[in-house]
């Protein structure tokens with residue numbers, strides 16, 4: 001079933017849903033650059049105003065995956081992505097990137113999908129570059145990195161080249177659109193398990209159900225009630241969990257895991273170098289809030305990766321990975337491996 005762009009726009013004005021096949025068609029037009037900038041802007045703004053449905057988001061993610069440069073990973077067991085939507089305005093250091101090293105050190109395979117900072121002071125790509133990682137890898141090189149080190153970073157512009165067809169429109173609009181929530185749904189390596197942070201509480205239930213439709217295995221979508229797109233130490237965290245095809249929504253608290261509730265204010269950074277310093281301090285087992293929040297998030301990721309039977313068990317594994325020095329060693333391992341591909 002096809003729909004004209006004008007019909008789709010009218011549908012959004014009337015707050016009516018664009019059906020799955022129609023959304024597939026529309027999204028392909030956008031990704032190919034077949035819509036005028038005016039029409040593309042009108043449609044994605046209309047979707048935002050009426051509020052995108054689970055079906056519309058799932059269809060859009062399906063098309064983004066179609067257009068991606070895929071990373072072929074041979075062994076899908078214990079394979080996880082740790083990612084946030086960003087846009088939470090918290091300006092903290094790169095917690096999910098730090099968690100990647102801990103999660104890999106504890107035995108999971110991590111395919112991290114990220115970009116440079118837009119609303120944040122330091123995106124995952126920025127801090128990895130500050131650490132000395134070569135982020136400009138081709139798909140086969142990322143696959144080799146995952147196989148060799150247990151970690152691979154997929155720099156979004158290298159894996160979603162069709163996004164250039166909507167980039168100028170998004171930049172000029174300057175407001176959140178459906179594309180702000182598609183990134184975490186479109187991992188080019190197809191990681192079946194995921195820890196996903198979101199910038200709004202309503203997205204917890206939406207994103208986990210989108211992942212359910214997309215056939216994911218074990219996913220935890222989280223929103224810290226202090227506004228963080230991470231599992232928070234400063235407040236309760238809302239969780240939407242997909243496991244065995246079923247969705248459960250609940251809250252967790254730092255105290256549930258023997259952790260103290262503390263403010264996240266000390267985690268703020270101004271740039272990638274400050275983020276690098278805080279990340280390395282946490283991985284060097286320096287006591288403090290940074291180490292504890294990395295332990296909490298890595299523990300949750302280890303549960304998502306099915307390495308741990310619970311978040312509590314995952315936290316214990318994360319503590320051991322940091323205390324043993326294995327997590328810190330993973331940084332040097334990734335730097336060494338990726339630098340061989342420097343162009």
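Every residue, even glycine, has its Cβ placed from backbone N, Cα and C.
Lifted from Swiss-Prot, the feature list:
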BINDING   84, 87-88, 92, 94-97, 112-120, 124  5-phospho-alpha-D-ribose 1-diphosphate binding site
BINDING   84, 115  anthranilate 1 binding site
BINDING   96, 230  Mg(2+) 1 binding site
BINDING   170  anthranilate 2 binding site
BINDING   229, 230  Mg(2+) 2 binding site
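Within 10 Å of the C-beta of residue 92 (5-phospho-alpha-D-ribose 1-diphosphate binding site) we count 24 further C-beta atoms, all protein chains included. All protein chains considered, the CB of residue 113 (5-phospho-alpha-D-ribose 1-diphosphate binding site) has 27 other CB atoms within 10 Å. Annotation for residue 115 (anthranilate 1 binding site): same-chain Cβ neighbours under 8 Å, separated by at least 6 residues, are 123, 124, 125, 155, 156, 157, 183.
Take the Cα of residue 229 (Mg(2+) 2 binding site) and measure to each of the binding-site residues 84, 96, 116, 170: the nearest one is 84. Listed in sequence order, the residues of the same chain lying 6 or more apart from residue 230 (Mg(2+) 1 binding site) and placing their CB within less than 8 Å of its CB are 84, 92, 95, 96, 197, 222, 224, 293, 297.
Counted within 10 Å of its Cβ, the other Cβ atoms near residue 116 (5-phospho-alpha-D-ribose 1-diphosphate binding site) come to 16, all protein chains included.
Rounded to a whole number, the distance between the Cα atoms of the residue listed as 'anthranilate 2 binding site' and residue 116 (5-phospho-alpha-D-ribose 1-diphosphate binding site) is 16 Å. Residue 116 (5-phospho-alpha-D-ribose 1-diphosphate binding site) falls outside any helix or strand according to DSSP and counts as coil. Geometry remark: the residue listed as 'anthranilate 2 binding site' versus residue 113 (5-phospho-alpha-D-ribose 1-diphosphate binding site), CA distance 20 Å.
The secondary structure of residue 230 (Mg(2+) 1 binding site), as reduced to three states from DSSP, is coil rather than helix or strand. Other Cβ atoms within 10 Å of the Cβ of residue 170 (anthranilate 2 binding site) number 18 in total over all chains.
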